[in-house]
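Asker: Pulled these features from Swiss-Prot for this protein:
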COMPBIAS  1-11  compositional bias 'Basic residues'
REGION    1-27  region 'Disordered'
TOPO_DOM  1-38  topological domain 'Cytoplasmic'
TOPO_DOM  60-68  topological domain 'Extracellular'
TOPO_DOM  90-156  topological domain 'Cytoplasmic'
TOPO_DOM  178-184  topological domain 'Extracellular'
TOPO_DOM  206-216  topological domain 'Cytoplasmic'
TOPO_DOM  238-253  topological domain 'Extracellular'
TOPO_DOM  275-280  topological domain 'Cytoplasmic'
TOPO_DOM  304-314  topological domain 'Extracellular'
TOPO_DOM  336-355  topological domain 'Cytoplasmic'
TRANSMEM  39-59  transmembrane segment
TRANSMEM  69-89  transmembrane segment
TRANSMEM  157-177  transmembrane segment
TRANSMEM  185-205  transmembrane segment
TRANSMEM  217-237  transmembrane segment
TRANSMEM  254-274  transmembrane segment
TRANSMEM  281-303  transmembrane segment
TRANSMEM  315-335  transmembrane segment
Amino acid sequence: MAEVHRRQHARVKGEAPAKSSTHRHEEELGMASAETLTVFLKLLAAGFYGVSSFLIVVVNKSVLTNYRFPSSLCVGLGQMVATVAVLWVGKALRVVKFPDFDRNVPRKTFPLPLLYFGNQITGLFSTKKLNLPMFTVLRRFSILFTMFAEGVLLKKTFSWGIKMTVFAMIIGAFVAASSDLAFDLEGYVFILINDVLTAANGAYVKQKLDSKELGKYGLLYYNALFMILPTLAIAYFTGDAQKALDFEGWADTLFLLQFTLSCVMGFILMYATVLCTQYNSALTTTIVGCIKNILITYIGMVFGGDYIFTWTNFIGLNISIAGSLVYSYITFSEEQLSKQSEASSKLDIKGKGAV
């Protein structure tokens, strides 16, 4: 009887590791499928942002340069109104959810509304003033500023390879700018301000999303809502509102279609930016924007109508483009390695706990 008891006890002890091994294998499969879904969502969010960012630059350029619409402020105002209207209707239909307004909302959003307003208006103004190739190459300064912002706000560090590719992009931008025959000082100043605001906005959006107080829809809604009246007041006192009302192109159906698309794309781009930042990072969002800018650079050379070719400018543009491609590859590779090491360390910890 004692022998039988010992055998049963030994059998039970032998089964425990097998059960533990099976359980661990199931956990590994579950984590692998979750990892695949996460990567897919990240790529989808990045692709959505890239397409949205491309379309809004092309449409805004057409409205402000080709049709010579006189007010960047009023285009920005239209984008804010469209954002608020779409999200308000979405909330009423229970398609989206975000917190109702209370006295703590301004504190929870600050300083994003100011950054959003500045980012939007400087972006529109520089789009109007600069040809598309120079607009896109100067936008690469936003990567440098994003690195600073994430370093200060999110305490991130960057590898030597990342720093060198950013340096190459900036050198390329300086070379291209040195022989820009269509040089416009106001355009250059506004695009550099826009780069700083883009970097700060991306880092703060990531910080606010991590706190989970308002969510992505709440941030979008209140950013636009808080800046409608200030933008309207600025447009009125600067005379931009009157210029927009006096514009002769309102009777043109094609212009109306593009203006409406510009307003709606403003909301879509805001949503895509927050979505990409949420699933990836502020830096990844900036990278996707730069890859999109490569396409816009070459399209702008051929179809933009305001690009003046010089070899020095062309070489500078391509140095910056090459730097952005290598930069994107290094950043993506580093991010994947980081995720894999985190996943393996979690598995090791769980494996030790199961033994």
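Cβ coordinates come from backbone N, Cα and C, glycine included.
Keep in mind the model is a prediction, meaning the values are calculated, not measured.
Would you situate these features in the structure and describe their surroundings?
Answerer: Long-range contacts of the topological domain 'Extracellular' (60-68) within the same chain, counting only residues at least 6 positions beyond its ends with a Cβ under 8 Å from a Cβ of the stretch, are 75, 124, 127-128, 132, 249, 252, 255, 258-259, 262, 304-306.
Sorting the topological domain 'Cytoplasmic' (90-156) by DSSP state (H, G, I as helix; E, B as strand; all else coil) yields 46 helix, 0 strand, 21 coil.
Through the fold, the topological domain 'Extracellular' (178-184) approaches residues 129-131, 134, 306-308, 310, 312-313, 316 of its own chain, all at least 6 residues removed from its boundaries and within a Cβ separation under 8 Å.
Helix first, then strand, then coil: DSSP counts for the topological domain 'Extracellular' (238-253) stand at 13 helix, 0 strand, 3 coil.
Counting residue by residue with DSSP, the topological domain 'Cytoplasmic' (275-280) contains 5 helix, 0 strand, 1 coil.
Look at the topological domain 'Extracellular' (304-314): DSSP puts its residues at 4 helix, 0 strand, 7 coil.
A mean pLDDT of 63 is what the model gives for the topological domain 'Cytoplasmic' (336-355).
Listed as Cβ neighbours of the transmembrane segment (157-177) (distance under 8 Å, sequence separation of 6 or more from its ends, same chain) are residues 133-134, 137-138, 140-141, 143-144, 147, 151, 183, 188, 290, 312-324, 326-327, 330-331, 334.
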Asker: Per DSSP, what is the residue tally for the topological domain 'Extracellular' (60-68) in helix, strand and coil?
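Answerer: Counting residues by DSSP class gives 7 helix, 0 strand, 2 coil.
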Asker: Considering only Cβ pairs within less than 8 angstroms, which of the stretches 69-89, 185-205, 281-303 has the most against the transmembrane segment (39-59)?
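Answerer: Most contacts with the transmembrane segment (39-59): 281-303.
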